[in-house]
Amino acid sequence: MVIIKSKSEIEKMKTAGRITYETLKVVSKAVRPGVTTAELDRVAEEYIASKGCTASFKGYSGFPGTVCASVNETVIHGFPSSEPLKEGDIVSIDVGACYMGYHGDACRTFRVGEVTEKTQKLIDVTRQSFFEALKFARDGYRVSDISRAVQTYVEENGFSVLRNYCGHGVGAELHEDPEVPNYVTRSRGVRLRPGMVIAIEPMVCGGSKDVYVDSNEWAVITKDGEKSAHYENTVLITSGDPVLLTLPEGCDEVW
């Protein structure tokens, strides 16, 4: 069931979204060769706690970290680890903050030092596919319009979209209806209405879309070993322009 948020719920989600954004910004400043994703996880956990919030992911279905830290060919759900990041790596940091029972959810893919031209294109295309989809995050459009926009843009640029994992509603639960795929399915999906809050999150593979799940039963990894990127914001549907709760107006993008 899709839940239309009340004004008071939206205000709480704006705060949760802002803290989620700020957490990504703090983590981004710590990304460098030699740092471990376990250290980045600690930075995120401490910042979220300092703002009177709780970490949305930690303990969720048994997940061990505050962030999902997915390096290179790991597309999503990577565990924070003690392995140092290396020059040329990329790391996707997916994080959520919960404020007064309501969640924000966002992800960015960060460069570790200098990266190849292809890797930079992968990051850029993944981000832009989100904004192509955002054009359809409006009253009256359907979820399938968002899905088509992501898939079309990604494939036109020579990359592939991860299947079987998708965006979702956000609210008092981290994952709510509706599902928001990044690829076209047989379903047109629900019609968007003001007060809906959804996470739009392109997950893009640098080569084939074929993946496998790691033995830890969480991390999703490209079979061909190609790098992957992930970009996500929590989006409020309104009667006008969509509102990015995890990229507040007037705030700089997190790179």
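Note that Cβ sites are derived from N, Cα and C of the backbone, with glycine treated the same way.
As written in TrEMBL, here are the features:
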type	residues	note
DOMAIN	11-238	domain 'Peptidase M24'
BINDING	H77, H175	substrate binding site
BINDING	D94, D105, E232	divalent metal cation 1 binding site
BINDING	D105, H168, E201, E232	divalent metal cation 2 binding site
> If the divalent metal cation 1 site is taken as the center of the Cβ atoms of D94, D105, E232, which further residues of that chain fall within 8 Å of it by their Cβ?
Replying inline: C68, V95, G96, A106, C107, A199, E201, H230, N233, T234, T246
> Within 10 Å of the Cβ of H168 (divalent metal cation 2 binding site), how many other Cβ atoms are there?
Replying inline: 19
> For divalent metal cation 2, what surrounds D105, H168, E201, E232 with a Cβ no more than 8 Å from their Cβ centroid?
Replying inline: D94, A106, C107, G167, V170, V180, I198, A199, I200, N233, T234
>> Excluding near sequence neighbours, so keeping only residues 6 or more apart in the same chain, what lies with its CB under 8 A of E201 (divalent metal cation 2 binding site)?
In response: D105, C107, F130, C166, G167, V180, N182, H230, Y231, E232, N233
> DSSP on H168 (divalent metal cation 2 binding site), three-state: which is it?
Replying inline: strand
>> As a test of reading the model: what is the averaged pLDDT for the domain 'Peptidase M24' (11-238)?
In response: 98
>> Please give me the CB contact count at 10 A for H175 (substrate binding site), counting all chains in the structure.
In response: 16
> Including all protein chains shown, what's the count of other C-beta atoms within 10 A of the C-beta of H77 (substrate binding site)?
Replying inline: 22
> With every protein chain in view, how many other Cβ atoms are within 10 Å of the Cβ of E232 (divalent metal cation 1 binding site)?
Replying inline: 26
> By a simple count of other Cβ atoms within 10 Å, which of D94, D105, the binding-site residues in the record, is least packed?
Replying inline: D94
